[in-house]
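According to TrEMBL, the features are:
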{"type": "DOMAIN", "residues": "9-168", "note": "domain 'Formyl transferase N-terminal'"}
{"type": "BINDING", "residues": "51, 76, 77, 78, 79, 93", "note": "(6R)-10-formyltetrahydrofolate binding site"}
{"type": "ACT_SITE", "residues": "95", "note": "active site, proton donor"}
{"type": "SITE", "residues": "131", "note": "site 'Raises pKa of active site His'"}
């Protein structure tokens with residue numbers, strides 16, 4: 001999130017209007033506030049499994065900020081189809097694998113267990129299917145001898161920080177041509 005906000009200056013076609021989280025203690029909230037970006041926290045646990053009520057509360061904050069694009073980064077909740085429809089064509093996500101491989105969780109360990117030679121990250125449009133929207137960019141990293149899930153994750157994260165701002169800049173300018181790093 002910080003890399004996205006830092007990049008949205010000068011000639012960037014977008015500006016950050018809100019950083020929201022479902023975790024009250026998310027470090028990104030304080031970082032965003034320090035960068036002058038409005039923040040909101042909606043604790044999903046307070047809704048005791050009522051996803052629609054949680055999403056309605058989240059949408060109040062989002063809609064009040066009137067964003068053109070929503071960027072998911074570290075948001076680990078599966079959103080309902082109705083929430084996704086409300087922002088269809090305007091919501092991006094970054095996923096720590098080379099989609100369509102390894103949708104969901106534990107992507108780095110799954111790549112290691114499969115004996116893959118490379119891993120990476122993907123920025124995609126969000127659709128109702130988990131980690132399945134049109135791919136807007138991917139960055140690859142080699143899997144090195146001695147890698148574990150943590151060392152691989154650290155290298156992939158560096159690429160996420162390069163890829164996501166680049167894709168957002170292009171997407172905000174109307175360019176959906178996939179980027180490959």
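Cβ atoms here come from the backbone N, Cα and C positions, even for glycine.
The maximal spread of the (6R)-10-formyltetrahydrofolate binding site, taken as the longest Cα to Cα distance among 51, 76, 77, 78, 79, 93, is 19 Å. Sorted by the number of other CB atoms within 10 A, the binding-site residues 76, 78, 79 start with 76, the lowest. Counting only residues at least six positions away in the same chain, the Cβ atoms of 71, 72, 75, 123, 124, 125, 126, 131, 133 sit under 8 Å from the Cβ of residue 93 ((6R)-10-formyltetrahydrofolate binding site). Looking only at other Cβ atoms within 10 Å, the busiest spot among the recorded positions 51, 77, 95, 131 turns out to be 95. It is 22 Å from the Cα atom of residue 51 ((6R)-10-formyltetrahydrofolate binding site) to that of the residue listed as 'active site, proton donor'. Looking just at the domain 'Formyl transferase N-terminal' (9-168), the mean pLDDT is 96. Under DSSP, residue 93 ((6R)-10-formyltetrahydrofolate binding site) is assigned to a strand (E or B) in the three-state scheme.
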